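Below: the structure, in structure tokens.
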């Protein structure tokens, strides 16, 4: 309670990321050209890059996220992105701000060559496929601890022929939303 003559601190509205039951509600973020499934995918990426679990991404986390998605991420660019998107002045990006950034970036990078570059980041052995081992390596490089079942689920969602590997065609189809399991 505020003392007499003092104003109580301003109350910030909680992020619209969770509904009354405390669960993330992708429907709150759906807009023309963006499906619930796409919102969920971006939320998964957000959670992956929010390595400290604060429900916001700081400059270090944003740089790792952009680099892993195949974008050049110079410090000046990162700070400019945060400045451009940080509507609440926190110096960090919350999910709504991240969603705005990623939907803009995704529309810019749909060319096959750009998608190939991203695929190559994951295909560390240049075998032409992304395996569980490849995903494990990427997660480790990002400082993310994910168990094999979570990583395998990612592979299973993209793998069209059930061989436990993601080909470039599988990856391209997921990235361009031609298929989504």
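Along the chain as shown, the residues are counted starting at 1.
Quick reminder: no glycine exception, Cβ is built from N, Cα and C everywhere.
Summarising the annotation, Swiss-Prot assigns Ca(2+) 1 binding site to 50, 52, 54, 56, 61. Residues or ranges marked as Ca(2+) 2 binding site by Swiss-Prot on the basis of sequence analysis: 86, 88, 90, 92, 97. Positions annotated as domain 'EF-hand 1' by Swiss-Prot: 37-72. Taken from Swiss-Prot, the feature domain 'EF-hand 2' covers 73-108, and the record attributes it to sequence analysis. Residues annotated as domain 'EF-hand 3' in Swiss-Prot: 110-145. Positions annotated as domain 'EF-hand 4' by Swiss-Prot: 146-181. Annotation source Swiss-Prot lists region 'Disordered' at 1-29.
This view paints the features noted in Swiss-Prot onto the structure.
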residue: 50; record: Ca(2+) 1 binding site; Cβ within 10 Å: 22
residue: 52; record: Ca(2+) 1 binding site; Cβ within 10 Å: 11
residue: 54; record: Ca(2+) 1 binding site; Cβ within 10 Å: 11
residue: 56; record: Ca(2+) 1 binding site; Cβ within 10 Å: 20
residue: 61; record: Ca(2+) 1 binding site; Cβ within 10 Å: 23
residue: 86; record: Ca(2+) 2 binding site; Cβ within 10 Å: 15
residue: 88; record: Ca(2+) 2 binding site; Cβ within 10 Å: 14
residue: 90; record: Ca(2+) 2 binding site; Cβ within 10 Å: 13
residue: 92; record: Ca(2+) 2 binding site; Cβ within 10 Å: 20
residue: 97; record: Ca(2+) 2 binding site; Cβ within 10 Å: 22
Folded-back contacts onto the domain 'EF-hand 2' (73-108), same chain, C-beta under 8 angstroms, at least six residues removed: 12, 15-17, 29, 33-34, 39, 42-43, 45-46, 54-59, 62-63, 66-67
For the domain 'EF-hand 1' (37-72), distant same-chain residues with Cβ under 8 A (at least six beyond the ends): 15, 17, 24, 26, 29-30, 78-79, 81-82, 90-95, 98-99, 102-103, 105, 109, 114, 117-118, 121, 138-139, 141-144, 146, 177, 180
Chain residues outside the domain 'EF-hand 4' (146-181) and at least six past its termini with a C-beta under 8 angstroms from it: 35, 37-38, 48, 110, 112, 115-116, 118-119, 122, 128-132, 135-136, 139
Of the binding-site residues listed as 50, 52, 54, 56, 61, the one whose CA lies nearest the CA of residue 86 (Ca(2+) 2 binding site): 56
Rounded to the nearest Å - Cα separation of residue 90 (Ca(2+) 2 binding site) and residue 61 (Ca(2+) 1 binding site): 15
Residues of the domain 'EF-hand 2' (73-108) by DSSP state, where helix covers H, G and I: 25 helix, 2 strand, 9 coil
Same-chain residues at least 6 beyond the ends of the domain 'EF-hand 3' (110-145) whose Cβ lies under 8 Å from its Cβ atoms: 48-49, 51, 64, 68-70, 151-152, 154-155, 158, 164-168, 171-172, 175-176
Alpha-carbon spacing, residue 50 (Ca(2+) 1 binding site) to residue 97 (Ca(2+) 2 binding site), which is rounded to whole Å: 13
Structural state census, the domain 'EF-hand 1' (37-72) (DSSP three-state): 23 helix, 2 strand, 11 coil
Helix, strand and coil residues within the domain 'EF-hand 3' (110-145) as assigned by DSSP: 21 helix, 2 strand, 13 coil
